[in-house]
């Protein structure tokens, strides 16, 4: 009621509500900080350590998460990063928080004194104690694979002065005596090291260590004890049955070696009290559990890698394995390590050979008594890489593979089949030949290793005219029927025998596997006449289909990549190939020398081998230190050059060329008198800002043979193709952007009539460095 008794209604005319002010809501800004902490941890966990430090500097909350949560550091990636005085604190912090990669790299860095410079005084003792600490950390963090750190400290040990390997061994042993927990795997590693000595007393100590390790639950030690006691147990039926039960228990717990031994033991199932059906089921479970891993994924990760490049790399590794007489198992494991690494981490093409030879160094140490030493591995690459390069990539491989080196291979399943089924020796060799050919072709990886081994045996029996190539017994043992294996057999035959092998840039077919099985120990099985595709289809009872054309590129598309480390096996002819993309490759020069060049280079070849040796304890014997190293005559060549043939500075050369007679012919691995004439120096423009100092023990030389003659040189030039003797001195070398080279050569003396000289491999005197991409040539 208003004034004067007038009643006002609340209509729009009589009464007005105050207008509401509409406040515009600001949109909420969502940032990464708005995410829950659990989500932030998942984001931070898989970043590289450099990215983690960058994120840490963004906000105080992120700084708090990085500084106070161990999971961030435990999962940080240290890929392509090596311990140095500048980042040592980061590596140590990550290792203490549970980072496997950081612990492995620190252990290797201290063991080989690589990257973490320590004074020469008491170097081995100081580094050995530090290396043992981080190796112990790495082994405690290694939960998914067999103990592995023993492969780095296994003998041979240095006999002159203190040995870092021995210091690590003694330190780990002292740690096990003081520490009561988490030492089963360390004890196993110590036992593996002592078991490699010839001393009977040390072998007894190794047996005691295995017993203690097995008592604490180490499955690998339990199997080694079973293997050592097997001969004694087999003499008594009761003990034999008890031993078989233990083996079955180890196999059920996941020990791969025990599973293989159990399958092979089924050949004598009646002695073990097993029925034939039970034995077949046990073996069948092993074969059916085999899983295929498609290696074609490699090429989705490695954009610059082709199937032919991988083929050439594996072909070279086969030549090395043949030259060093390594087993097929060692070769298969090496290739598997290469492929697994290529699926996980990006590798530039010029490092493919380094990756391959490093995998072979690791695998020989893990499964063989005779090893490929680091210094010899460097020599096999013609010193294209330095000792330090190989040490570092070993750390990258172990980190990427998480310490898991031993995995099922085609060879394992083949050995089981040849144990269970009577097969003629020539058929066994043919089956082994086929299994080794499978390494070259990634397209065959769509089949599981067990299926490939079964198909190889079936194809071998078909080629040798067996009336029943696949019996009911084989069907029961493998679980694969005749029709199951037919597609795999056809693919195997097509890839191995129908398709042409790829050729290198010299138009030479890459046939290292074939040459490997031309040996008399394999009864020259690779020279046997092969069943034609039509005959195979008829034998299999399938309709013949026209095979697809070869998948390898034509010769014009193949880059210069690899050549043989064993020149005695094939005479490969050089030619002026026209190729591009030079900057992506590193070269291993292979050329013959004139007698003047031999006189100049003779002593330097052996001197450079000693200089790249690195760790003195990492050698096969004392004789190797004096130059007793197998010298390859032709190696990896990954340079791609695309030039006009008239302007190319490399003329044709071959093993058939005639050279002047030289009675004092130097051989790699033997000392030759130094040249009386002054040594011509290469033209090198190194980066003065680059830190090229490398650490190492007293036997490690951080400088190349050339840099020792010219103290003003810095940098590690990447080598290119070496000129053939006889190229014109006025010919200009080929240049690539961001790369400089200079070359002066003079024509050789005229050859004497009718005189032939053994070709000698030209030593690559320059060393490889990732940061420095300059090219250097010898001025002869």
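Including glycine, each Cβ sits where the backbone N, Cα and C put it.
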From 337-340, 349-352, 353-356, the residue range that Swiss-Prot assigns the feature motif 'D box 3': 349-352
Sequence-remote partners of the motif 'D box 2' (343-346) [C-beta within less than 8 Å, at least six residues beyond its ends]: 79, 295, 297-298, 301-302, 396, 400-401
Surrounding residues of the motif 'D box 1' (310-313) on its own chain - C-beta under 8 Å, 6+ positions past either end: 298, 338, 342, 352-353, 356, 440-442, 502, 504, 510, 552, 561-562
Average pLDDT across the domain 'F-box' (29-76), rounded to a whole number: 89
